[in-house]
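Trainee: Starting off with a structure, shown below.
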């Protein structure tokens, strides 16, 4: 009975299997990037960049309709432009980076919605804003998996410089020239994964699958490799849970996935060793030294 | 390490550094001999940290040049502690092992003898047994000990220390000073930005007094006089937003 509820949706329906594959790829690619976003205190930066992708994707849509390639390329370009421009504004004006990011993403989302509605129907706008994890075609799946594969390789290559760049950038700069490679390489990974999350979950929620599992994992474990592994598991579980909830309760899949991840986060916030209650509940006797 | 008396470890030639064209270090020329132990002192805003940043290549000079005998690769730099993010989840062993970056690079693993060097460095700074602690769980003094261990592993001929003893208790300062004196005895060249003049007088044979302008460079007792310190305080405090373009011609041996 329970097994039926858990397995038959996937065994009987192809769109559920495609959604599952998409979630698996996102969990493996986007979530580790989210862990580093969180640790670099760039969660809001990720949010702003996700919104910035919208006008780029919308321009691609305006020119070519719902074409995967055009929207992807447009999104990647727009995301990179905003990431670099926000840093430039922060460095060369008196505005701090958070203010310039907020300004950019408000402008982006307004521009994006405007462009989409110039040509499209409301259905298209919904697709762009909230994604279509249950309607992933072969090309979208290939794109998402390709980006995840690339991300895993790139993270493996960049892991050591990126970790040092996160907690002691001045030291990294003094021993090697890899600091800018780590920083900008990481930004490129963020944009790529936001675009891949955008196809499945939409521009408004792509960051959710990156930050929420990372934040939940941070509350449970102390070591980075464990944190990466746990975040991936949480993302995958949220993906499966969200898809099933969407199937059985007939609710939209994207928000269900993010809400599932949000539920894990809230639960962790309450119970985990690093959470609000956990800190108080853990009354193990202290050590001698 | 053999002392080489012919070439200075570091030669500054009419070096001017700054931000937004305002000089933070103004026309500084001097030779730091190989094996010298030099304290850099001066009021806040005197350009001490700026000088170290330039020597690590982080900041391009506005004018002038400097020459490092051992090249960029021979410099180990200890920035101020506040530049680290201590909440990042990394353990003491991993952090200290990064001192071996020049041997292991971005991908290399630690060989057994290298891991032993890390343990030995931790023991030398009194942090044996702390290997698997998170850096966030260390006190300020313990973290500074770990950073000294990392610097030990870098094994560089020229060491740049930026306020290494800030906000640290006397016991730890004593231990860390002993490590610095050990490096000095090994023939390494050391430049340290310091505020505690007593400590400078006791342990540092040479001293560079900066107040944007070089006020004095030489044996500590001759540099740290009350007149020179007064000059330094006065120079550091006048800062003119509408300053004119500096017309001074390069001169040799200004310090």
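Please read every residue number as a count from 1 along the shown chain.
In case you wondered, yes, glycine gets a Cβ from its N, Cα and C as well.
Features from TrEMBL:
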TRANSMEM  A:19-39  transmembrane segment
TRANSMEM  A:46-64  transmembrane segment
TRANSMEM  A:70-90  transmembrane segment
TRANSMEM  A:102-120  transmembrane segment
TRANSMEM  A:140-159  transmembrane segment
TRANSMEM  A:171-192  transmembrane segment
TRANSMEM  A:198-221  transmembrane segment
TRANSMEM  A:228-249  transmembrane segment
TRANSMEM  A:255-279  transmembrane segment
Trainee: Count, for each of A:19-39, A:102-120, A:140-159, A:198-221, A:255-279, the Cβ pairs lying under 8 Å from the transmembrane segment (A:171-192), and report the range with the highest count.
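Mentor: Looking at each of A:19-39, A:102-120, A:140-159, A:198-221, A:255-279 in turn, the most contacts to the transmembrane segment (A:171-192) are made by A:140-159.
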Trainee: By Cβ distance under 8 Å, which residues at least 6 away from the ends of the transmembrane segment (A:102-120) in the same chain are close to it?
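Mentor: Contacts of the transmembrane segment (A:102-120) (Cβ under 8 Å, skipping residues fewer than 6 from its ends): 47-49, 51-55, 57-59, 61-62, 78, 82, 85-86, 89, 95, 128-129, 203.
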Trainee: Could you pull out which residues elsewhere in the chain have a CB under 8 Å from any CB of the transmembrane segment (A:198-221), counting only those six or more residues past its ends?
Mentor: 19, 22-23, 26-27, 30-31, 33-35, 37-39, 43, 46-47, 50-51, 53-54, 57, 68, 72, 75, 109, 112, 127-133, 136, 140, 143-144, 227-228, 230-232, 234-235, 238-239, 254-255, 257-258, 261-262, 264-265, 267-269, 272-275, 278
Trainee: Using Cβ atoms and a strict cutoff of less than 8 Å, what residues sit near the transmembrane segment (A:46-64) while being 6 or more residues removed from its termini?
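Mentor: Long-range Cβ neighbours of the transmembrane segment (A:46-64): 34, 37, 70-79, 81-83, 86, 101-102, 104-105, 108-109, 111-113, 115-116, 118-120, 124, 128-129, 190-191, 194-195, 197-198, 203-204, 206-207, 210-211.
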Trainee: Near the transmembrane segment (A:228-249), which same-chain residues lie under 8 Å Cβ to Cβ, leaving out any that are not at least 6 residues past its ends?
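Mentor: Residues 5-6, 9, 13, 16, 19-20, 22-24, 26-28, 30-32, 34-35, 133-134, 209, 212-214, 216-217, 220-221, 256-261, 264 contact the transmembrane segment (A:228-249) from elsewhere in the chain.
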